[in-house]
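To start, the structure under review is shown below, and the notes come after it.
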Amino acid sequence: MIGWLEAMLRVGRKLFVKAETQLYPEEKPKLFPRSRGRIVLTRDPDGQERCVACNLCAAVCPVGCIDLSKAVADDGRWYPEHFRINFARCIFCGFCEEACPTAAIQLTPDFELGEWRRDALVYEKHDLLIAGEGKVRGYRYWSVAGKAIDGKDKGCAENESPPVDLKGLLP
């Protein structure tokens, strides 16, 4: 009988203490600045997509959830013909963001990715591409790399050092 009263007193004391539970849809959780959530593809300041389909993100992905294929535009610029991420397999490690040389792929703090069907977690390029520049502002990859200058050989462009003669370095 005494054990029962002790239990009721313990429950009664906790009855008036503020609950620690957050009511999720009404109260959004506080995320850390470096939290990793939904993956997006960004555009450069000119409005063109930054991705050059180098396949580094797919190569570094530990679970292999990124699939893309390269196409070449009329001006010689590479772009992904299709870009697909399977969020059912993604572990949000951030390796793809670190490996991207153009800052095209970025992880946002958006974590609400719940779906009823598993195939709805496969995002295509049009689902991933956003209108803005994302976290890296003002970066134009194609202004510093990737395009040949007509009439100039390697090392002849402005701010470019001539190529190193590797055979001349041999003993």
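Cβ atoms are placed via backbone N, Cα and C, with glycine included.
According to Swiss-Prot, the protein carries these features:
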BINDING   C51, C54, C57, C100  [4Fe-4S] cluster 1 binding site
BINDING   C61, C90, C93, C96  [4Fe-4S] cluster 2 binding site
DOMAIN    39-71  domain '4Fe-4S ferredoxin-type 1'
DOMAIN    81-110  domain '4Fe-4S ferredoxin-type 2'
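Sequence features annotated in Swiss-Prot and their locations in the structure.
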{"residue": "C51", "record": "[4Fe-4S] cluster 1 binding site", "DSSP (3 states)": "coil"}
{"residue": "C57", "record": "[4Fe-4S] cluster 1 binding site", "DSSP (3 states)": "helix"}
{"residue": "C90", "record": "[4Fe-4S] cluster 2 binding site", "DSSP (3 states)": "coil"}
{"residue": "C96", "record": "[4Fe-4S] cluster 2 binding site", "DSSP (3 states)": "helix"}
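Counting Cβ atoms from all protein chains shown, C54 ([4Fe-4S] cluster 1 binding site) has 18 others lying within 10 Å of its own Cβ. Shown in sequence order, V52, A53, N55, L56, L68, C96, A99, P101, T102, A104, I105 are the same-chain residues outside C51, C54, C57, C100 whose Cβ sits within 8 Å of the Cβ centre of the [4Fe-4S] cluster 1 site. Closest in space to C61 ([4Fe-4S] cluster 2 binding site), of the binding-site residues given as C51, C54, C100, is C100, taking the CA atom of each residue.
Listed in chain order, the residues near the [4Fe-4S] cluster 2 site other than C61, C90, C93, C96 are I39, C57, V60, P62, V63, C65, I66, I91, F92, G94, F95, each with its Cβ within 8 Å of the site Cβ centroid. Candidate binding-site residues: C90, C93, C96. Nearest to C54 ([4Fe-4S] cluster 1 binding site) by Cα distance: C96.
Neighbour density at the Cβ, taken as the number of other Cβ atoms within 10 Å, is lowest among the binding-site residues C51, C61, C93 for C93. With respect to their backbone Cα atoms, C96 ([4Fe-4S] cluster 2 binding site) and C51 ([4Fe-4S] cluster 1 binding site) stand 12 Å from each other. Confidence over the domain '4Fe-4S ferredoxin-type 2' (81-110), given as mean pLDDT on the 0 to 100 scale, stands at 92. Cα to Cα, C51 ([4Fe-4S] cluster 1 binding site) and C90 ([4Fe-4S] cluster 2 binding site) are separated by 19 Å. The C-beta environment of C100 ([4Fe-4S] cluster 1 binding site), restricted to residues of the same chain at least 6 apart in sequence and closer than 8 Å, consists of C51, L56, C57.
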